[in-house]
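Here it is, the structure in full.
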Amino acid sequence: MALDVRLINRLASRLIRLALVLLCVAIVTFGLVMLSPIDPVDAYLGPQMAQVSPEQRALIAERWGFDASPAVQFGHWLNQLLSGELGWSHIYNQPVSEVISQRFQRSFILLSSAWLMSLLVGFALGVIAGAKEGSLLDRLISGYAYVTASTPAFWLGMLAVLLFSVYLGWAPTCCAGPVGILNQDVSMLTRLHHLVLPMMTLALLGIATITLHTRARMIALMNSDIALHAFAQGASRSDIAWRHGLRHASLPALTLAFASLGELFGGSILIEQVFAYPGLGQATVEAGLRSDVPLLLGIALFTALFVSVGNLIADSLYPLIDPRMAQEQP
Amino acid sequence: MSMIQPRIAAAGYISLLLIMLVVLLSSSWWAGHNASQMQFDARLMPPSTSHWLGTDALGRELWSRTLAGLRLSFWVGLSAALLGTLIALTLATLATLSTTLDALVSLLIDTLLSVPHLILLLLLAFALGGGTQAVIIAVALTHWPSLARILRAELFSLRHAPYVAISQALGKSRRFILVHHLLPHLIPQCIVGALLLFPHAILHEAALTFLGVGLDPTQPAIGVLLADAMRYLTGGFWWLGVFPGLGLLLMVLSIDRLAVQLRRAL
């Protein structure tokens, strides 16, 4: 019973913290946009800028509220935000919330499959490498992890296009479906065919972190009393690796995977750009390049929520790994 | 043995990096071609003995462009890493002054860490209007939080060290303790921290430039070279994409290994 109360308290304080952080994200992002030297009326008008008279500009500024002070504009925006209105995206001519939900649906397939793959493959490689520290296999795997950790994500995507699409012709070079075919007419198989290459590239980058972390855990396990005891009972290294290591290192790997959702999303922005995959990442770049402020702010808030929830899950997994952490923090 | 080995390795990496640096920074004298010199009779030439890494669509030598790009990456990355370290150190020190400041700094760290780096960078590039200076500031502003967290923890644990307590008992001021006892202790942490930020800063600068919101597209930055290469990728002009990226990878990898070895040695 006492435990329940403590658990609820912890959860409540986490949620309050989450709300506070999101409010700060809103303030910081809005402040940055206000700093921008780009005139919002110009950004809205685009190429038609020259055909508009100063009187009309003033009207537009009044209509969109650009003439008010930053504090008033922020209050207005926050007010709308709390009632679920994110504003209007002028480059897609759609409400921001619709753009985000449509785009995220496509990105979600990419993100979740890459996430799952990097978790599973990264974990398996980490266990194999850590079970025999210093072996040839270990050196190969850690070498691979070090190199991919230093590789620019978009360059890896370019190499993948070059090798698999241009030279081998195994996968399409771009987009989420064939050009010129309506989205709803694209079959599941074609969709998967277009997904494979971006997904593999994105996963390849995430694998390194999980592998190195799991490897370090496995090495610690192999030098522990648990391993010594098991060795004394006649267990082999791979027995220990798979029987104890699986339990010892799987939860930390899962935690790390949840905690690195931000990196995954950052990677997907670049990968989507290289493969012209029409997801949320591509929309982010478009919004940045063409000064679509409401969309940019909406995406920043949405991803902050996404990353924070990932961190929240990671935080609540820690006490499961190490019960001492649950007792330390009341 | 275990204490000396990392130091030898670190020394090895440092000399490797120094050689690379000398080659890189002196390359503007001996590389032969100017990075922006066009040769219209030698456009899109594959690598050969006269064009070591091939040429681009305007007949510019990819070899000299890649070296120029790496030089640019190096300076932008270094400036951003140093600026980021300075911000981290300042804010970590501020956090030790009062509990309110500490709460504010922690909140700022949590806020910045909850937005993906690249999105924050896009916003900052938008706010600062692009260009080399804006990129350096943007990368520095996004990369300090993780280091600040480490430095803050270090400062808090040092505050209760016996020699600090003795200094306090002897009537030394907080400023004296900070300058003479706490900050010297953080110098190695800061060097390693800056070195660890360095490769990240280089990669994020290249990514921003690749997306078109970073360094000016008339500069031979690696991001610009790779964005150019994207347009010729399906034509099979592989050298345009492969070499600049490979150069960047080698530079980032060697700095990262050096930082890790140095952290182990200290």
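The first residue you see is number 1, and the count goes up from there.
Quick reminder: no glycine exception, Cβ is built from N, Cα and C everywhere.
Given the structure is predicted, the values throughout are model-derived calculations rather than measurements.
Feature table excerpt (TrEMBL):
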TRANSMEM  A:15-35  transmembrane segment
DOMAIN    A:104-314  domain 'ABC transmembrane type-1'
TRANSMEM  A:108-131  transmembrane segment
TRANSMEM  A:143-170  transmembrane segment
TRANSMEM  A:192-212  transmembrane segment
TRANSMEM  A:253-275  transmembrane segment
TRANSMEM  A:295-314  transmembrane segment
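Can you walk me through where each of these features ends up in the structure?
Taking Cβ pairs closer than 8 Å, the transmembrane segment (A:15-35) reaches residues 70, 73-74, 77-78, 81, 293, 296-297, 300-301, 304-305, 308-309, 312 in its own chain, all 6 or more past its ends.
Sequence-distant contacts of the transmembrane segment (A:192-212) (same chain, at least 6 residues past either end, Cβ-Cβ under 8 Å): 109-111, 113-115, 117-119, 121-123, 125-126, 129, 141-142, 144-146, 148-149, 151, 153, 156-157, 160-161, 164-165, 171-172, 175-177, 253, 256-257, 260, 263-264, 267-268, 271-272, 274-275, 277.
Below 8 angstroms of C-beta separation, residues 14, 18, 21-22, 25-26, 29-30, 33, 77, 81, 86-87, 89, 91-92, 96-97, 99-100, 104, 255-256, 258-262, 265, 280, 283-284, 287-288 of the same chain, each at least six residues beyond the ends of the transmembrane segment (A:295-314), sit close to that stretch.
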Give the nonlocal contacts of the transmembrane segment (A:108-131) in its own chain as ranges (CB under 8 Å, at least six residues past its ends).
137-138, 141-142, 144-145, 195, 198-200, 202-219, 221-222, 237-238, 240-242, 245-246, 249-250, 253-254, 257, 261, 264-265, 268, 271-272, 277, 279
